[in-house]
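Q: I grabbed these lines from Swiss-Prot:
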BINDING   Asp21, Leu22, Asn23, Arg36, His59, Leu60, Gly61, Arg62, Arg113, Arg146  substrate binding site
BINDING   Lys197, Glu319, Gly345, Gly346, Asp347, Thr348  ATP binding site
Amino acid sequence: MAIINMSELDLQGKRVLIREDLNVPVSDGVVTSDARLRAALPTIKLALEKGAAVMVMSHLGRPTEGEFNAEFSLQPVVNYLTKALECPVRLANDYLDGVEANVGELVVFENVRFNVGEKKNDEALAKKLAALCDVYVMDAFGTAHRAQASTHGVGLHAPVACAGPLLAGELEALGKAMDNPARPLVAIVGGSKVSTKLTVLESLSGIVDQLVVGGGIANTFIAAAGHEVGKSLYEANLIEEAKRLVANAQSRGGDIPVPTDVVVAGEFSPTASATLKDVSEVTSDDMIFDIGPDSAEALSEILKNAGTIVWNGPVGVFEFDQFGEGTKRIAQAIAESDAFSIAGGGDTLAAVDKYDIADKVSYISTGGGAFLEFLEGKELPAVAMLESRGE
């Protein structure tokens with residue numbers, strides 16, 4: 001990939017515009033989870049250290065384009081960055097027709113989604129953004145799968161377009177896991193529906209040695225294996241699809257193992273009592289919310305012997321502790337494995353935090369949708385743009 005990396009450039013005195021993913025949860029004007037901000041800080045600090053006049057832009061939430069809405073303002077992010085950085089930080093509301101940016105300070109543009117044409121990748125808007133800088137830095141892997149004015153169009157028109165260290169690191173880690181992985185390659189795909197992750201399952205079943213499915217997705221595979229799933233969340237219309245994916249994996253010497261024991265309850269609630277059952281004993285009234293200890297142990301063994309692990313999605317309703325043991329055991333197995341491991345997606349990162357294994361996972365991806373699209377083998381528009389500008 002012929003992508004220019006920001007770290008290689010001389011930025012002294014240059015106007016540098018960085019697109020970060022600062023889309024963080026905010027409550028009562030305070031940032032409640034700062035993971036994305038912490039991930040973005042090294043890039044911002046590096047640009048400041050290199051003597052640039054640094055401007056940063058991001059979206060936050062889903063406001064109506066063209067309308068200012070205080071609920072989606074980046075002011076709470078500015079407050080956070082002011083404490084995290086040793087330089088002045090200010091919010092710029094009107095910046096499209098020019099903005100003053102000085103070396104030694106950080107200018108944060110107000111929510112890019114307040115601009116009409118952002119989502120449609122409007123060329124006039126992209127050109128206005130490009131005119132504000134000497135160097136455009138795309139560092140937001142979480143939005144690399146969207147061709148929008150601030151993630152794609154601006155890069156086509158800026159004098160120089162490059163990847164920031166965070167984005168470059170994501171691409172390197174994902175490339176290591178997917179392009180030339182140490183074998184066996186094991187992927188864990190959890191989540192509620194097969195339909196939302198069908199293309200990922202399709203793509204992975206053709207390249208991985210073991211594909212572990214969890215959550216509601218696993219229920220469809222349990223049904224496909226001929227077992228009762230009761231009132232569990234599953235997709236009857238995708239049973240044939242599940243059978244085909246299993247056959248596809250097995251034809252390559254791989255497999256999609258189905259749980260042998262499961263944890264069930266009669267209702268979905270934080271106080272529901274958990275019952276352990278053999279998968280053949282599930283009744284029509286049961287709802288499956290987790291894998292049982294035997295299944296978790298078997299999966300742990302697979303993970304222990306893996307060369308590469310890609311994790312996207314929990315294997316149970318881990319938010320409720322009584323249905324979290326399966327995900328906890330998987331998390332521990334990944335932490336104990338010598339494999340190169342990469343974890344991505346919101347629920348997965350919440351599980352990584354809950355079971356405190358962040359420092360034991362080789363790479364934690366900041367992307368949700370972008371992470372999935374990379375696993376599907378899709379071209380990410382922002383990455384394609386950077387490649388075209390790097391040639």
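Placement of Cβ uses the backbone N, Cα and C atoms for every residue, glycine included.
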Q: Going by Cα-Cα distance, which of the binding-site residues (Glu319, Gly346, Thr348) sits nearest to Asn23 (substrate binding site)?
A: Gly346
Q: Check the binding-site residues Gly61, Gly346 for other C-beta atoms within 10 angstroms of each C-beta and report the one with the most.
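A: The residue with the densest Cβ neighbourhood is Gly61.
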Q: Quick one: of the binding-site residues Lys197, Gly346, Asp347, Thr348, which has its CA closest to the CA of Gly61 (substrate binding site)?
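A: Its closest listed neighbour, by Cα, is Gly346.
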Q: Go through Glu319, Asp347, our binding-site residues, and report the one whose Cβ sees the most other Cβ atoms within 10 Å.
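A: Top count of Cβ atoms within 10 Å goes to Asp347.
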Q: Which is it, of Asn23, Thr348: the one of these binding-site residues whose Cβ has the most other Cβ atoms within 10 Å?
A: Thr348
Q: Please list residues from the chain of Gly345 (ATP binding site) whose Cβ is under 8 angstroms from its Cβ, counting only those at least six apart in sequence.
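A: Expected: Asn312, Gly313, Ser365, Gly368, Phe371, Leu372.
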Q: Which residues, sitting 6 or more apart from Lys197 (ATP binding site) on the same chain, put a CB under 8 Å from its CB?
A: Val189, Gly191, Ile217, Gly313, Leu372
